[in-house]
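Copied over from TrEMBL:
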SIGNAL    1-27  signal peptide
DOMAIN    33-138  domain 'Gnk2-homologous'
DOMAIN    144-251  domain 'Gnk2-homologous'
TRANSMEM  287-313  transmembrane segment
DOMAIN    350-635  domain 'Protein kinase'
BINDING   378  ATP binding site
């Protein structure tokens, strides 16, 4: 089911053929993935030691005949053995039988041993069950990390209507599942989209969760859908504490009579012919059936080869677009391309009165299209040496990214030596215009600031993990976060962004470009960047949002105390309250202190010590989980003055014009050549 097809008539025929093949042969269309995560955080074990023996006890319990109590088991093996104690949880999907549950758990027990041979914490998800264990307490605890998902590559024809129907269905199932008992918290159901289409869904929590925790877990899973699986015909989302799945076909065990899926009629059953007429007529029927089967198999094989050929061709085309050195090879279709005269008219011939700002790579103008839609137009400077790279990055990346916390690219223009990017217009300009303006800062109460923080976090999570591409932004800062009319944040300016391969964890560059105060030490000193570099920038930005101070504004000379040092010192002295912006009401201090803790985790000196953005989102969303202990933030243990830092790179520091630009604000931006 997870093959991406076009909407053309030929591909529709292939889809119908494959569906017919599936139903004709009566095979199970539900794949049974095995997805495992092995955590090194809580240590390793060796075969034959105490933990290994306790783990064997736990897994053996799963493979032996059990009393079926809704398919949920929580087992402790090796009580009172400290860090060698094994706390295990296993549960099966609420709609499966005890025999199916036993089989799934046996498979999971074997799979988790093979996938995670010596980690003291691991989890494995299968289609019909889940198994996890740890040497720490995991019973009755809401846990949202790790997380994984899978989705159907086919898109729905009417996303707006589909999303509305799906949202209503999942909300109903969320309530039903959360109200379950200590043996099962599960709900499934369906809703009709029309005469011939139905959405099927299920949600489930580990039943050791409270009603509130179960509801929260499913809520987070539901909120993941727009980030990972928007407009998809189906998705499967796994968390340690809950799961969610929906499809446009019945995948769970339902009453067949209630199913709205129309299957091809089966061949008529054989009947006893008392007249003894079993000669030519019967043989002819058998021949016809054999021919039909052969034709079906041939059509199936042909369809598969066509699909594979299309995928290979598309992959080659995709690679060509990503690696091409010429922007003219980029083709996003007529729907994204604007003609120059249209944009010139929309901006009053790029009038200074409509200029929103001036950045290092060009100016940004406010425009009004003929249909009444307001836009922001970035006009790339013709004399910019890096302008074409900037333009290429933003077009290639933004055209493929769709998230409520990312600025949306509406189109582009390549005409008359002009290179223009057309964005949605965001009326409240950028975050820095509110945050660092004493008159406007009062608008940012704590609730607004918190929503901005978690919105930025979700946008970064989408870039790092949830989109089909893995993207490192490399220039996250207050001026690159736009605020819409509802103060919803949107990450902007992808000119320095880098695309990572699926298995790539780190990149390096000879040109370190970005903004001091937001740069991670490994990037500023060595040119190394990764998702953890963005995490560092996020941590600095959160400190700015909480304190109302710029990261570099406190420096009076090369060795003065910057924002991170100041916050860390106050935190260490137990005076965190001193760093909170005085315009924020005091009733929120306990929650703010927790967010300060999270931000300091993000700016730790070693990249490996910083949390992932998925962990950050979980910590921000859950107010009950215990936060990890932090180490020293970056630049605390090594006091490196900015002058020496630049000398170490044998280069000068260049700053661009400080301006009011929102879409390409490069104020305080530096470039260091290594």
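One-based numbering along the chain as shown.
The backbone N, Cα and C atoms fix where each Cβ goes, and this holds for glycine too.
The residue listed as 'ATP binding site' counts 29 other C-beta atoms within 10 Å of its own C-beta, drawing on all protein chains shown. The average pLDDT for the domain 'Protein kinase' (350-635) in the predicted structure is 83. Secondary structure counts, DSSP: the domain 'Gnk2-homologous' (33-138) has 35 helix, 36 strand, 35 coil. Helix, strand and coil content of the domain 'Gnk2-homologous' (144-251), in residues and according to DSSP, is 38 helix, 32 strand, 38 coil.
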